[in-house]
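What follows is a single structure, written as structure tokens, with notes after it.
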Amino acid sequence: LVAGIILVAINPYKQLPIYGDAIIHAYSGQNMGDMDPHIFAVAEEAYKQMARNNKNQSIIVSGESGAGKTVSARYTMRYFATVSKSSSNAHVEDKVLASNPITEAVGNAKTTRNDNSSRFGKYTEISFDQSYQIIGANMRTYLLEKSRVVFQSENERNYHIFYQLCASAMQPEFKHLKLGRSQENNLLFV
């Protein structure tokens, strides 16, 4: 097992003009260290190593709640889609993350640090063809906090899906579920 480059990124909690196509093209083909540290530099190194050595590469995105892990993963996927010139997959990150609203409803909750905190992990595998163009992707998720279903700390909430179901309780298609308001279900919705 060999560990490679480590990049520490800080979420500025606002949009910055450092993730556009011009920046992607600036990092494309560059050697690590020739430019400022950036998520695109890490992605470029992984892409080059894959092409040069014909071996799978991994990028681990880790951090605390609200650190910007999902956004960093999206930038990485956009980088691969752009530099691989995968025209039919130019928005692969959108396709891969198209399931996010459902995934977030089931796996995200309000915490004291983040109103939409992922309480699950994601493993995304991007497949390339022989010319290193993206041909597909697969995302696996795993639930990290099963205890949240029955207990929440003060000022935190259960998974969004429970609140969304309760908010829809009066809709005809949900009547048979006999759902009440979230405030009435104190065991699940503290």
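Cβ atoms are placed via backbone N, Cα and C, with glycine included.
Here is what TrEMBL records for this protein:
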- 1-190: domain 'Myosin motor' (DOMAIN)
- GLY63, GLU64, SER65, GLY66, ALA67, GLY68, LYS69, THR70: ATP binding site (BINDING)
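As a whole-number mean, the pLDDT of the domain 'Myosin motor' (1-190) in this prediction is 84. Apart from GLY63, GLU64, SER65, GLY66, ALA67, GLY68, LYS69, THR70, the ATP site neighbourhood in this chain, defined by C-beta within 8 angstroms of the site C-beta centre, holds ASN11, ASN114. Within the same chain, residues at least six positions away from GLU64 (ATP binding site) with a Cβ under 8 Å of its Cβ are ARG113.
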